[in-house]
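K.L.:
Reproduced below are the annotations present in TrEMBL:
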- B:H74, B:D85, B:H177: Zn(2+) 1 binding site (BINDING)
- B:D85, B:E117, B:H372: Zn(2+) 2 binding site (BINDING)
- B:198-300: domain 'Peptidase M20 dimerisation' (DOMAIN)
Protein chains: 2
Amino acid sequence: MSPDPDRFLSDLHHLRSFGAEGAGVMRRAFSGPDIAAREWLVARIGEIGLTPHVDPAGNVFGLTDGPSLLIGSHSDTQPEGGWLDGAYGVIAGLEIARTAAGSGGPSISLVSFQDEEGRFGALTGSDLWAGRTTLAEADRYTDTDGASFADARHGLSHLMQEDFVDPGRFTGFLEAHIEQGPVLDASAEGVGVVTSIVGLRQLQITVTGQQNHAGTTPMHMRRDAFQGAARVATLLNERFTNIVTPQSVWTIGHIRLHPNASSIVPGRAIFTIQWRDGETDRLDRMERIIEDVLTEVARETGLRIDAGRLRNDLAPVPMDEGIQAALRAAADRHAQGRWRTMPSGALHDASNVSHLMPVGMLFVPSIGGISHSFDEDTAEADLVLGLRVLADAAEALAPS
Amino acid sequence: MSPDPDRFLSDLHHLRSFGAEGAGVMRRAFSGPDIAAREWLVARIGEIGLTPHVDPAGNVFGLTDGPSLLIGSHSDTQPEGGWLDGAYGVIAGLEIARTAAGSGGPSISLVSFQDEEGRFGALTGSDLWAGRTTLAEADRYTDTDGASFADARHGLSHLMQEDFVDPGRFTGFLEAHIEQGPVLDASAEGVGVVTSIVGLRQLQITVTGQQNHAGTTPMHMRRDAFQGAARVATLLNERFTNIVTPQSVWTIGHIRLHPNASSIVPGRAIFTIQWRDGETDRLDRMERIIEDVLTEVARETGLRIDAGRLRNDLAPVPMDEGIQAALRAAADRHAQGRWRTMPSGALHDASNVSHLMPVGMLFVPSIGGISHSFDEDTAEADLVLGLRVLADAAEALAPS
């Protein structure tokens, strides 16, 4: 299969025009530009001889008859989004399905999921398709302005069908996406074959000390909650080094002191520790180290330290081995020495779809690691390289 | 001179009744209870044969004829204040002046300064008396509700005189106050002779890194502003140990991260470092260590770190040697082995008055180190001990 780079780039730029804002895009789920973009995609699907199916969540499918490999991503954006993000994977799916349909090639369907970026939920469209939430629940989701998912999805009712597509008709799912991180760009590599979507855990830590006058309280009599938080942060860095891989990450991104005044010894510090890794076992070991560090700092300082698991834990999602092998072979063919295997540190629709069928993902570089920003971009040569790798893998994987 | 403990405690509890709220007091400068308390004090001053003088700032003096030693503090409180705080020093002054006047003893005047607690400015009354601000400037001060000092001081206009008291009539100033810290209480000591009011410096630190996705950015490519702040905090503790004394203190009491979200590597951290010491030289050396640590962390991490001095620097104010000697001798007489010399970590009116005449301060314990709280308290025996020590020192120091 030889996809057409010019036709592909032309469609990618056409999709960019829906909600274009400078170099970026504002195309939130079910906004005017999003609905127009989905209408446009439905028309393209018809043109290439596939059957459009817009399900009750607003997911747009282009279906072949009989079993097929599914390729796609999402075309909704953040309030201020980049022009590629999931759009890249949707148009890659369109071009490969078109190439296959036009050449009597393998059976390839395509999809553009809805509300991946979480105007209402988070990955709402693929969540609904995978049965991880119900339409009744999702209809109660509201955006930050109070608009409901139930009302918003009426905007596509003229195209919507009442049923969801049967996942049993697909033999697997391929998702191409920009990396949204700096790894490929920094190493001048063209594509990344994703090994897993990392799992995520998060603890909210409350350090309780003694609020005191910052002038009259001698150092040795203080129980300073910020000093406890700083000690935890530095000790974690030391203790993690023995067990993490270069793909493990941990972040203290949020902290709140009480009373947060320069002349008062902080009596309380509340902060989050978030950590991500591709392996459940390593997530467990990191959690035990965190617990040990908290216990040690509490004993050392006389502070009370409480930790509560936040509800948004995510288990790691390994990519299908057969799909990874096909992607690796295709990457070697088109970009020998210029690709790598890597985990996805961000969440994707493929995570939900993995509950329905084998899935795989391919990354192209994000220049400067920038995403969710008008400045997001990828070199044209890498966009085309990713398309070719994906097409080769699809040819190897799809039912004929 | 033998002050009368019962009369003293009775007056102290009477003053407590103005603005009483549970065990505490709400008596902000120029509030109804504050004005009533000052009217009451003016009446007491007349009763003991001294001349009342309420100056344009609302400071209440009780004056002897001719040269005298001045004793006092302030009787305004925080919005939710303790019953002792400066009130202790005002009533100690009243009792000692009364004892002296009644026994033909030495010449002792008394004072209750106004707005020490900063409803409008900070130490506004003694600031004005010491000429460190002008009435025209102070009249433009407003409280958090927008009320002006100019309007507020009209509440005492029925008692006010147009001129300030000539500081030249006083040979020195003695201020008794609760410690507002835990040192005397923790060591079961009855009084503390203050050696100096510590100086204070404050830097606002801005750490600038790179805001990034907490999932897709590998650890080795991060420039995490919070990690920089935590490193500064822990390194400062190490580096200070070689040069500080048990009286030196430093505090990171305020921090703000941007964007302060658990899934985003912080791109910016703004925090304050405040440090206090009784000696200018040590304040300087601590500042050089802070500068070195900031440079070192910036180099080590690739973060940009900027530091700006905040405007509220205070130079250390040493207490007069002769007054300290008199207080030490009196403490030895009344509380041998149960007193200490110590710096004042908090600011006091004596700091302003030191620009006009020799000053000295005496502390009594704060139970649990608690102050600026309804729970503030001091054992009655210690209140009386402090009165006796102060009276003895006053007798030694005051003109006969």
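Each residue, glycine too, has its Cβ placed from N, Cα and C.
TrEMBL: automatically predicted annotations, no manual curation.
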K.L.:
Around B:H372 (Zn(2+) 2 binding site), which of the listed binding-site residues (B:H74, B:D85, B:H177) come within 10 Å, judging by Cα atoms?
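P.N.:
The binding-site residues passing the 10 Å Cα test are B:D85.
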K.L.:
Near B:D85 (Zn(2+) 1 binding site), which residues of its own chain have a C-beta under 8 A away, given they sit six or more steps off in sequence?
P.N.:
B:H74, B:T77, B:Q78, B:H177, B:I178, B:Q180, B:S371, B:H372, B:E376
K.L.:
How many helix, strand and coil residues does the domain 'Peptidase M20 dimerisation' (B:198-300) contain under DSSP?
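P.N.:
The breakdown for the domain 'Peptidase M20 dimerisation' (B:198-300) reads 40 helix, 31 strand, 32 coil.
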K.L.:
For the recorded Zn(2+) 2 site formed by B:D85, B:E117, B:H372, which further same-chain residues have Cβ atoms within 8 Å of the site's Cβ center?
P.N.:
B:T77, B:Q78, B:G81, B:G82, B:G86, B:E116, B:S371
K.L.:
Quick check: which same-chain residues outside B:H74, B:D85, B:H177 lie with their CB within 8 A of the centre of the Zn(2+) 1 site CB atoms?
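P.N.:
Everything else in range on the chain: B:S73, B:S75, B:L84, B:G86, B:A87, B:Y88, B:G89, B:V90, B:E116, B:I178, B:H348, B:D349.
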K.L.:
Just checking, which of B:H74, B:E117, B:H177, B:H372 (binding-site residues) has the fewest C-beta atoms within 10 Å of its C-beta?
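P.N.:
Least crowded of the binding-site residues B:H74, B:E117, B:H177, B:H372, by Cβ count within 10 Å, is B:H372.
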